[in-house]
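What TrEMBL says about this protein:
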TRANSMEM  B:20-41  transmembrane segment
TRANSMEM  B:53-71  transmembrane segment
BINDING   B:Cys65, B:His69  Cu cation binding site
TRANSMEM  B:83-109  transmembrane segment
DOMAIN    B:350-589  domain 'Histidine kinase'
BINDING   B:Asn470, B:Ala471, B:Val472, B:Lys473, B:Asp517, B:Lys533, B:Ser548, B:Leu552  ADP binding site
DOMAIN    B:614-731  domain 'Response regulatory'
MOD_RES   B:Asp662  4-aspartylphosphate
CROSSLNK  B:Lys716  ubiquitin cross-link
Amino acid sequence: MDVVSQLQKQFIDFSSSLYREGYVDDQFSQLHKLQDESSPDFVVEVASLFFDDAEKLINSMARALEQPCVDFKQVDSHVHQLKGSSSSIGALRVKNVCIAFRSFCDAQNREGCMRCLQQVSHEYTMLKSKLQTLFRMEQQILAAGGSVPLE
Amino acid sequence: MESCNCIEPQWPADELLMKYQYISDFFIALAYFSIPLELIYFVKKSAVFPYRWVLVQFGAFIVLCGATHLINLWTFNMHSRTVAIVMTTAKVLTAVVSCATALMLVHIIPDLLSVKTRELFLKNKAAELDREMGLIRTQEETGRHVRMLTHEIRSTLDRHTILKTTLVELGRTLALEECALWMPTRTGLELQLSYTLRQQNPVGYTVPIQLPVINQVFSSNHAVKISPNCPVARLRPLAGKYMPGEVVAVRVPLLHLSNFQINDWPELSTKRYALMVLMLPSDSARQWHVHELELVEVVADQVAVALSHAAILEESMRARDLLMQQNIALDSARREAETAIRARNDFLAVMNHEMRTPMHAIIALSSLLQETELTPEQRLMVETILKSSNLLATLINDVLDLSRLEDGSLQLQIGTFNLHAVFREVLNLIKPIASVKKLLVALNLAPDLPEYAVGDEKRLMQTLLNVVGNAVKFTKEGNISITGFVAKSESLRDSRAPEFFPVPIENHFYLRVQVRDSGSGISPQDIPNLFTKFAQNQAIALRNSSGSGLGLAICKRFVNLMEGHIWIESEGLGKGCTAIFIVKLGIPEHSNDSNLSFIPKMPVHGQTNFPGLKVLVMDENGVSRSVTKGLLLHLGCDVMTVSSVEECFQVVSHEHQVVFMDVCVPGIDGYEVAVHIHDKFTRRHERPLIVALTGSTDNLTKDNCMRVGMDGVILKPVSLEKMRSVLSDLLEHRVLFESM
């Protein structure tokens with residue numbers, strides 16, 4: 001097998017693992033459908049947007065939860081935002097944690113929220129690194145002269 | 001006298017001897033002088049003489065000898081010294097010349113002798129050439145004779161003339177005494193004398209064919225010398241006193257017409273031969289020469305060829321005569337048939353009208369009569385009259401129909417019709433009768449059967465009705481099933497219909513209908529008669545009074561006209577039967593189906609792209625905003641995004657055709673926007689369509705959206721396909737409420 005085919009195979013394996021392990025869901029592949037000649041880096045752009053957005057939100061959430069008097073409404077809105085973002089990009093695990101997070105917010109459960117925050121943060125970090133790896137692999141394939149295989 | 005120098009010869013006293021010697025010498029000298037003169041004279045006369053020098057020498061020799069003898073004359077007497085000297089000189093010269101001549105002759109004489117030899121050789125050669133020329137001349141003569149004979153023989157195609165001419169010409173060419181031809185008899189066991197040269201009418205002599213001499217002749221293709229005493233040669237009483245002339249016999253192959261095969265010429269062993277016998281004149285010393293025998297052989301071959309040609313000609317003439325007779329017979333038969341058809345057509349044309357009119361009158365009046373007041377007896381009678389006349393009317397119609405069908409004057413009326421409707425109608429017609437007899441009728445049409453077809457609707461229905469009617473008629477209880485489907489090529493061919501070769505063509509399909517009943521069945525030996533006119537099964541006739549026996553025959557005609565086939569299968573009496581027919585129908589064009597409703601096969605496919613559609617997206621969440629924007633961009637829309645309600649208020653204008661707004665942010669009342677937009681754009685056609693994007697799935701949201709006048713609600717996340725269909729539905733219907 002030449003280099004390109006090898007890289008492509010690796011990419012496919014990695015990509016399938018992401019789906020299998022629930023890091024991303026169908027929405028993520030929907031995003032790939034929107035990528036065309038007019039917006040060749042659509043997915044990467046959206047992902048970067050998400051990363052920025054998520055980081056900001058997580059930081060905000062953390063700050064809000066550190067307050068002695070937690071403004072759960074605020075936290076809830078942040079979580080809501082994060083949920084929306086993650087569902088738009090198809091970040092399944094993050095979204096699921098957000099759902100749980102929201103219920104804790106409604107219950108005004110600080111510990112629960114803290115735990116969820118940690119979980120969210122952890123999931124987010126994992127997702128980020130995975131996606132970055134994925135994008136790197138895409139770049140490698142394109143650099144080697146091949147084309148990125150679709151699902 | 002002193003001693004003189006003169007020699008004194010010894011003079012004998014014998015003077016007589018002297019005198020004789022004197023005279024002889026004189027004559028010798030004379031001869032010696034005259035011989036060269038003669039030689040010179042004759043050589044001068046002759047043109048060719050190669051040895052002149054020799055002649056001169058010889059002449060000199062002779063002259064000198066003569067001179068010597070002449071001078072001798074003077075020496076008998078006293079002679080002077082001069083004379084002696086002359087004498088001596090002469091003698092010396094003579095000696096020289098004669099020696100020279102002698103030497104020369106040694107060389108010359110062999111030459112002269114060889115001349116003689118050459119002359120002899122040339123004479124022999126000349127004789128030989130003469131002989132050869134004689135031979136060539138003879139051969140040429142023979143060739144000329146053969147050509148002439150062949151010409152004569154081949155100039156006619158008449159058998160007798162050929163043979164007669166052969167004999168005559170041969171007799172003339174070879175100067176024969178008699179020439180005869182023996183032909184084999186029909187049995188092939190004897191040879192019969194058929195033709196002779198001299199005798200006018202040969203009596204039918206026959207000889208058995210197995211004679212050794214005949215076998216000998218037949219076994220070789222050369223002319224064979226035979227004894228004049230053998231039976232074939234003893235044709236006439238001996239004319240001459242001594243020896244009968246030599247006889248030669250040759251075989252003439254008779255090529256029989258049936259022996260001709262293109263690939264291999266007939267074998268010699270199976271040939272029949274005739275015998276030709278030629279006799280030289282008796283008492284002549286003539287013998288058969290080789291060239292004459294060759295002539296005979298060649299002629300025999302030519303005769304064989306000519307005879308075979310004549311035979312072929314006879315055969316072809318006979319065949320032609322036969323064909324002409326047959327032709328005439330066929331012609332007259334055809335004319336008779338035509339006359340018969342015309343007569344029948346005339347009859348039918350007349351009867352058609354003439355028969356129907358009274359029939360109708362009877363039927364009409366009887367039905368009218370039925371309506372009046374009648375006694376039960378009268379009613380019974382009238383009913384019987386009506387039934388019988390109906391039957392008669394049907395019979396007349398059937399007969400006329402059938403005859404028109406047979407004529408070939410019936411033509412199908414082709415049109416587009418609803419195939420399914422035909423089946424349904426037949427079913428409806430038959431249902432009442434079937435239900436009276438308590439029979440279950442089931443119709444089963446294949447899903448791939450086209451709803452519309454091109455063909456003769458009336459006749460198809462007639463056929464179907466007839467077949468189904470028969471099924472109902474002959475079934476006392478049970479069920480009847482009618483199936484109709486499109487026949488594929490394997491099912492088109494039926495082992496019972498080997499002459500039916502359906503050819504699948506474009507735009508046409510073969511409809512196969514099977515009507516199975518659980519009725520009385522038909523025994524296998526009656527099946528062939530079912531489709532013949534008027535042939536009615538005895539059992540059937542007993543059971544039913546109706547049915548003219550023409551129904552199936554007519555169906556068969558219709559089905560044949562529709563390029564199909566109809567047949568009946570039954571396992572036996574009491575086991576029910578299945579009637580099957582296949583007809584060819586056309587597939588109607590879709591383009592002229594405007595007035596026909598047809599089942600839509602696929603759901604209406606919406607637009608795939610919305611170029612230039614101006615859309616406004618309002619979403620606080622950056623990620624989902626960009627995702628939605630990407631979606632709409634991909635679909636070709638002109639997208640503007642706002643991230644807040646205020647911005648939305650500012651930006652929204654009548655140019656925007658659709659506004660997507662995210663309403664799942666708590667605290668933000670996207671509904672306000674909708675209300676605002678409604679207020680802003682009072683006229684409906686200016687107002688952009690408002691669609692809410694929400695992640696919540698409860699009915700409350702939906703109700704709220706509806707309440708504030710939103711045109712649609714979509715559940716997030718939106719896939720590409722969903723967005724596409726949403727937009728197309730939206731634009732088409734201007735309202736969309738997805739069930740959630």
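Glycine is no exception: its Cβ is also placed from the backbone N, Cα and C atoms.
Structure with TrEMBL features highlighted.
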residue: B:Cys65; record: Cu cation binding site; DSSP (3 states): helix
residue: B:Asn470; record: ADP binding site; DSSP (3 states): helix
residue: B:Asp517; record: ADP binding site; DSSP (3 states): strand
residue: B:Leu552; record: ADP binding site; DSSP (3 states): helix
residue: B:Asp662; record: 4-aspartylphosphate; DSSP (3 states): strand
residue: B:Lys716; record: ubiquitin cross-link; DSSP (3 states): coil
Candidate binding-site residues B:His69, B:Lys473, B:Asp517, pick with smallest Cα gap to B:Lys716 (ubiquitin cross-link): B:Asp517
Intrachain neighbours beyond the transmembrane segment (B:20-41), with Cβ under 8 angstroms and 6 or more residues off its ends: 55, 58-59, 62-63, 65-67, 69-70, 72-73, 76
Taken over the domain 'Histidine kinase' (B:350-589), the model's mean pLDDT: 79
Densest Cβ neighbourhood among B:Asp517, B:Asp662 (recorded positions), 10 Å radius: B:Asp517
Members of the binding-site residues set B:Cys65, B:His69, B:Val472, B:Asp517, B:Leu552 whose C-beta sits under 8 angstroms from chain A: none
Rounded distance in angstrom between the Cα atoms of B:His69 (Cu cation binding site) and B:Val472 (ADP binding site): 168
B:Cys65 (Cu cation binding site) versus B:Lys473 (ADP binding site) - Cα distance in angstrom: 163
B:Cys65 (Cu cation binding site) versus recorded positions B:Asn470, B:Ala471, B:Leu552, B:Asp662 - nearest by Cα: B:Leu552
Among B:Ala471, B:Leu552, the one of these binding-site residues whose Cβ has the fewest neighbouring Cβ atoms within 10 Å: B:Leu552
Residues satisfying Cβ distance under 8 Å from B:Val472 (ADP binding site), sequence separation of at least 6: B:Ile430, B:Ile433, B:Ala434, B:Lys437, B:Leu439, B:Val441, B:Ile480, B:Asp517
Cβ-Cβ neighbours of B:Cys65 (Cu cation binding site) (radius 10 Å): 22
Cβ-Cβ neighbours of B:Asn470 (ADP binding site) (radius 10 Å): 23
Rounded Cα separation (Å) that holds between B:Asn470 (ADP binding site) and B:Asp662 (4-aspartylphosphate): 72
Per-state residue totals over the domain 'Response regulatory' (B:614-731) - DSSP helix, strand, coil: 52 helix, 25 strand, 41 coil
